[in-house]
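Take a look at the structure below.
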Amino acid sequence: MAPLRLSRANPLAFARWPVTLITAVVYLAFLIPLLIVHHVVPSPPTANPNGLDLTQAWADLQVLTDGFHPYNSRRNDEVHTWLLQRIHEILDAAPPADQYLSVDEEKPKPAVFVFDDTQSNLSFVGNSLSSSNTAVYFEGTNILVYIRGSDDDHENWWEEPNGVPSGKGGVLVNAHYDSVSTGYGATDDGVGVVTCLQLIQYFMTPGHAPRRGLVVLLNNGEEDYLNGARVYGQHPISKFPHTFLNLEGAGAGGRAILFRSSDTEVTRPYMSSKYPFGSVLAADGFATGLIGSQTDYVVFEVDLGLRGLDVAFMEPRARYHTEQDDSRHTSKSSLWHMLSAAVATTEGLVSDKSDQFEGAPTDDAKVASGSGSKAVWFDLFGTTFVLFELHTLFALSVTLLVVAPLALLVTGIALTRADKMYLFRTSAKADESLDSVPLQGLRGFFRFPFLFAIPTAVTVGLAYLVTKVNPLIIHSSEYAVWSMMLSAWTFLAWFVSRMADFARPTALHRIYTLTWMFVLAWVLLVISTVYQNQRGLAGSYSVFFFFSGTFLATWISYLELFSLPRKSEYANQNRPTSRRASSYGGSRLGTASGEDHEEDDHDAEEEEEEQEPTESTSLLGGGQRTTFANYVRVAGDHRDSDTDHHYYPGVYKHEQRWSASLPTWTWTLQFLLMAPLVLIMVGPLALLLTSALHQTGQDGSSSLFIYVAIAALTTFLLTPLLPFIHRHTYHLPVFLLLVFLGTLIYNLVAFPFSPTNRLKLFFIQDIDLSTGSTTASLAGVQPYVHAAASTLPSTANQNITCTEHTTRGTKCAWPGLAPRVVPDTPYSDWLDFTISQQHNTTDDKEGDEDTHHPRKARITLSGRNTRACKLLFDSPISSFAVLGSSTDPRFPTSSPHGTKEIRLWSREWENEWVVDVAWTTSTNDDSEEGDEGEGKLNGKAVCLWSDNNSAGVIPALDEVRQFAPSWVAVSKAADGLVEGWKGFSI
């Protein structure tokens, strides 16, 4: 083959090196900043902003997290006392009233009211619990701080019986100060708590006094089924706020993400955040059940009727609810990120003058906060926040679904009328001739399905392979998985396209590939639009931008065809004059069958005939003047070549001769219309999904989903390369092949855990208080949970029993070391309960066809050194009531499926609960067979111990922490670390 040279290198030409370099640079230019934004948290300012004290906030966090402080611990009471002390210190340090007026005459020093709520309690069952047959009685110890706004009612309306506020609603900011029994609670939710303390200080600073009143809620009991938020609804001040900001944590650092929001209007203040971070896709994850856990947000929005936002830390999940959720493993940068977002959002909400948060409630018992429009929101590189209404996206989607195909159709008609529609045309006839000139306009049309399907199928196959062989490798090596998927997809797409291009070269590869992509994107946008309209899911906004870029790129390809000669003109210029076969333009496999196979080329003498030199003749001889839009190739001397292949000026290798008229720089514009949009919109979603889910396999979630999701996102991210990848050189794809082979081997054989990415196992110890028999257990993923249990000294020469766990995979149990949660007390005295059966006074009517009648009993229960117990029933009870409990129509107290568990929480230690239960039995159960147990109610009385702040109190847990492998972390399996029980039968 004669060497191919460009007379002058065009840096934007549709040739191998420009395409390779430009596409690689663009992808790196966007992916690297996205990774930096995702993993690097902005540093806090060197000087404290007005009204804030970051040094004090960090010191407060260290005090708060110096011990485990679950609701059922003595340390929890100490934290409660310390918080009240800190609040009063902040309020006492507030400047005198005259300083406020000197800054803003309309905003005098606000009045502040601190409520230590030790009165509210509530019984409820069902709707937001993980199981609808679980009931709860809870006594709250919430702390509320109300900073009166300048526009608020100046009367203490909450002191009146059934008092209600007047005027506009206020703003609630919430964080919970309890931790889990196995975690120090630095991010869950210590950062949220110290942020609330800083907000109190900020809005007590002159110049920041609120217009709308601010209620800061530090609730206790979130970790045990959001109890504190529900009990907040029983306090009179809960009638006042209409909007809220919930601060939460599910990791140990990083950026605080906007998880979800109620509507566009309440989200708008978040736009003022200096470092916005998040996507509405996370909200869709909650709405569809993909994210199973919940925060206090659901209570405020669903149960109480407020409108608000949920801001939380989300990674790493391996440290969530473990002893590494401490101040050592978070940072001041993370604290500043949440604090800055909270200040900006809260200031926007309390400064609002409109009535957009007033209106009829969705339920008579809920707050009259009105309603807003569903929102679409996402950040751009952690610096800009994009927010618009969902119906705007819906309208744009519908418009584009109609306009885009019409635009291509009109363009196609115009091309046909101009006689320049080369697509799908195999030949063209010359004027006044029966002979036709081949156009090869169908070549490349069927290429895209293979280019798209083969790499996608292989990556999905890899997802299944890794799930089968080493499903938890993504726990510690998520980027090894991403590298495997990306490299495999890219190499296969390049290989398939190069093989197709070698066999049947065509200048129509780009336009046909874009046309297929347009159709695929159109179908995806139809599906996305349907979900937007029917289910209110906004997370598919990326599909709209993908379709927009694909449409414009496709349209440009169609417009390019106007630069071609008319087909009849081309046929006249290339009318056959001889009958010799040529390999030019044909298939490069087998016999020549291309453009010149059926046409007579110029005679050899005409081809070799030289033009007379002119002023514009190229100095390189036989060439043409270069233009920005076209290639200029200088062919070698074919007479000296060992092959009959020859290239025509402006034609890329063996592609159709008419393609010489196509511009060669427009591919750059097409690529820039697609790739950056996809990377900006889909890249953060891919990182968000990976961070949220790559360590959830340890919790019992399916590992396959995250692998398949990565495979799908890989396809989404790399699809913009398909129209251009056949022009890539071999260097990068071959390198990616090596990357693929290395990461594939690693992902299949590497151990999935490490000391920095530990496997979370869930501990609990059960003790039969009647016999003293105790069993310790770890729940988690096999075979790792058994391997961890086998390393413990107490399991040596012991039988470890492993059974299937309902939610955690496998539970391995062994005779554990005796707990000392109630020292110097016999096991039988750890829990006391009595049962008195209450007979139904209503006489059954003769001839009553109802074969069921209720039975009732009163159970009195108390535990030593605890304030948490529960009642478990083998069969559901129909109703329950706790003596002294409040009820609320917003929180049901019965379930249509009955109740099999009643959880009891008291603010007092060693409290005695009196519980009335009722259940129905068949009249047949009163027969003699009933004496054998058919009519009886069987169950257990259980008390919980969760205080793990002293070594030796729970030796079995201490043993796991000391002797388990370094790649193991311990978390709680239930509300109690130790659960002691006694059986009963009524």
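Note that Cβ sites are derived from N, Cα and C of the backbone, with glycine treated the same way.
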(Q) Confirm whether, per Swiss-Prot, Ala507 lies on the same side of the membrane as Ala15. (A) yes
Q) Say Swiss-Prot lists Asp188, Glu248 as binding Zn(2+) 1: which of His176, His242 is in the same site, per that record? A) His176
Q | From His80, His88, His321, His329, the one annotated by Swiss-Prot with Asp188, Glu223 for Zn(2+) 2 | A | His321
Q: Please indicate, using numbers and ranges, the residues of the same chain that are 6 or more beyond the topological domain 'Vacuolar' (532-535) and have a C-beta under 8 Å from a C-beta there.
A: 287, 390, 393-394, 397
Q: May I ask you to check whether the transmembrane segment (445-465) and the transmembrane segment (511-531) make contact, with contact taken as at least three Cβ pairs under 8 Å and only pairs 6 or more apart in sequence counted?
A: yes
Q | Dominant neighbour of the transmembrane segment (669-689) in 393-413, 511-531, 536-556, 733-753, by Cβ pairs under 8 Å | A | 536-556
Q. From the centroid of the CB atoms of Asp188, Glu223, His321, the recorded Zn(2+) 2 site, which same-chain residues not already listed sit within 8 A by their CB, in sequence order?
A. Ser179, Val180, Gly183, Gly185, Asp189, Gly249, Tyr320, Asp325
(Q) Before we move on, state whether the transmembrane segment (536-556) and the transmembrane segment (393-413) share at least 3 Cβ pairs under 8 Å, counting only pairs 6 or more apart in sequence. (A) yes
Q) Taking the Cβ of Glu222 (active site, proton acceptor) as centre, how many other Cβ atoms lie within 10 Å? A) 28
Q. Within 10 Å of the Cβ of His321 (Zn(2+) 2 binding site), how many other Cβ atoms are there?
A. 23
Q: Please compare the binding-site residues Asp188, Glu223 by how many other CB atoms fall within 10 Å of each one's CB, and tell me which has the fewest.
A: Glu223
Q | Beyond the flanks of the transmembrane segment (705-725) by at least 6 residues, Cβ under 8 Å | A | 14, 19, 23, 448, 451-452, 455-456, 459-460, 462-464, 466-467, 474, 481-482, 485-486, 489-490, 493-494, 497, 509-510, 513-514, 517, 542, 546, 549, 553, 667, 670-671, 674-675, 678-679, 682-683, 685-686, 689-690, 693-694, 696-697
Q) Under a Cβ pair cut-off of under 8 Å, which of the recorded stretches 17-37, 393-413, 476-496, 733-753 contacts the transmembrane segment (511-531) most often? A) 393-413
